């Protein structure tokens with residue numbers, strides 16, 4: 001009896017120990033957000049390296065977007081050919097005014113910089129053909145518009161963030177090189193459309209891939225790091241364009257090599273987003289990524305840790321459901337998310353129009369093109385610095401709206417100093433208005449802050465299972481605004497005041513619209529629409545009770 005009692009007691013002890021161990025194992029189930037904050041570290045060396053490698057891709061996004069500032073620029077001056085017998089050409093006193101060539105006989109004059117200095121010079125896109133020069137840039141942004149929806153869907157539902165960036169880089173490299181082989185304006189415009197479609201996956205995926213692996217207090221600063229590299233790409237363009245100013249095709253060939261080299265040498269060291277892996281049902285891979293980040297930070301994760309997935313599995317599995325709907329149905333069919341998305345897109349349209357339009361409009365300033373582009377590129381640096389600081393001090397909504405207002409007011413003030421066609425192109429350096437350049441630079445800096453803030457704002461406004469798609473829709477609206485901007489820039493060659501007026505009005509309108517968006521500063525990143533809706537309702541109810 002005593003032996004039986006001892007055996008029974010020993011058995012009960014073993015069962016109790018197993019129960020405790022089992023309970024401990026079951027109880028440590030955390031979200032990715034909690035694991036990053038509590039065990040991996042909000043921002044460690046491993047995350048810094050990850051963000052750095054991901055953000056490099058912004059350089060190529062910038063170069064492919066803004067290369068047309070030089071490749072599609074209108075030449076500054078022309079001259080008579082030495083053996084020309086045209087009395088009209090020889091007697092012309094307006095060789096710095098491009099419009100004066102419209103009455104000249106072809107073959108009696110030439111561009112000072114050579115006929116291959118830009119597509120305008122090579123294909124004669126002046127006089128009655130001047131608006132053709134705006135078509136490639138507009139088609140580029142239309143391609144970006146469509147590509148944003150495509151790559152956003154692809155990144156959420158199939159390839160993931162990492163492989164989508166890789167695909168976008170490779171396609172950007174290929175299309176940029178093919179653009180250099182264009183035989184005419186129509187093939188060139190088609191390839192610019194393809195290039196715009198290809199590069200659109202870089203921006204939307206890089207910012208999500210970078211912000212999804214850091215703690216909430218670092219999301220704002222990390223979102224700005226990518227724009228440092230975008231600025232680096234912007235700054236590199238005058239340095240590449242000036243040595244290749246005699247032949248625009250060489251400019252495209254150089255920028256086509258960079259994303260391909262990056263894809264081979266650096267991108268293999270980038271990790272996939274653990275949040276996306278978890279939502280796709282690949283929890284083991286997500287946990288492995290988090291373990292790698294923790295190990296490189298000198299930390300370890302508990303052995304009994306498991307990841308909590310708030311996304312509700314559907315018939316056929318989460319993967320099948322997500323792939324079938326491509327995430328757009330759940331976003332557009334969820335009332336609160338649809339309203340929020342529409343508001344973001346309206347605000348994004350105006351910001352995209354102004355941000356890209358002001359950059360392309362530098363040729364309508366009364367200054368040397370290379371100098372003006374360099375100043376605008378440099379203004380991106382204080383925009384990023386101020387944006388990063390202000391993101392930590394003030395709310396997203398207030399910062400975005402005030403930046404949009406400042407950009408709009410600056411554009412309106414530029415009207416006062418716009419001299420229009422009365423200033424000859426060859427006299428830009430001497431006749432340039434420093435006041436106009438300074439005000440335009442301030443306006444561009446403010447537009448840049450609004451543009452950058454909109455990205456992180458959109459990341460925080462929507463959950464993981466639709467975040468890339470939502471960001472792609474936001475970028476779609478940015479590109480829609482940008483696609484119209486080149487037409488306004490072409491019109492601005494005749495009336496700079498008109499372009500500045502429209503830029504100013506749309507920027508202020510975007511600032512007003514953004515006031516209807518909720519604040520997201522220090523809010524957690526949710527993983528599903530249902531979870532976010534419930535948490536935000538609970539938070540709103542709690543605030544209501546406190547006020548009562």
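Every residue, even glycine, has its Cβ placed from backbone N, Cα and C.
Automatic prediction, not curation, is the source of TrEMBL annotations.
What TrEMBL annotates here:
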DOMAIN    50-522  domain 'Major facilitator superfamily (MFS) profile'
TRANSMEM  131-153  transmembrane segment
TRANSMEM  165-191  transmembrane segment
TRANSMEM  197-215  transmembrane segment
TRANSMEM  227-245  transmembrane segment
TRANSMEM  251-270  transmembrane segment
TRANSMEM  341-358  transmembrane segment
TRANSMEM  370-391  transmembrane segment
TRANSMEM  398-418  transmembrane segment
TRANSMEM  438-462  transmembrane segment
TRANSMEM  474-492  transmembrane segment
TRANSMEM  498-517  transmembrane segment
Surrounding residues of the transmembrane segment (131-153) on its own chain - C-beta under 8 Å, 6+ positions past either end: 65, 68, 72, 74, 119-120, 123, 125, 164, 167-168, 185, 188-190, 192-201, 204-205, 326-328, 356, 360, 468-473, 475-476, 479-480, 482-487, 489-490
Within-chain partners of the transmembrane segment (398-418) [C-beta distance under 8 Å, separation at least 6 from its ends]: 347, 350-351, 354, 358, 364, 366, 387, 390-391, 433, 435-436, 439-440, 442-444, 446-447, 449-450, 453-454, 457, 496-497, 500-501, 503-512, 514-515
Counting Cβ pairs closer than 8 Å to the transmembrane segment (341-358), the top stretch among 165-191, 251-270, 438-462, 474-492, 498-517 is 474-492
With a cut-off of 8 Å between Cβ atoms, can you find at least three pairs linking the transmembrane segment (438-462) to the transmembrane segment (251-270)? Only pairs 6 or more residues apart in sequence count. no
Who are the chain neighbours of the transmembrane segment (474-492) in space, where the CB to CB distance is under 8 Å and they lie at least 6 residues beyond its ends? 68, 130-131, 133-135, 137-142, 144-145, 148-149, 152, 196, 200, 203-204, 341, 344-357, 360-361, 363-364, 451, 454-455, 458, 498-500, 502-503, 506
Taking every residue in the domain 'Major facilitator superfamily (MFS) profile' (50-522), the average pLDDT works out to 81
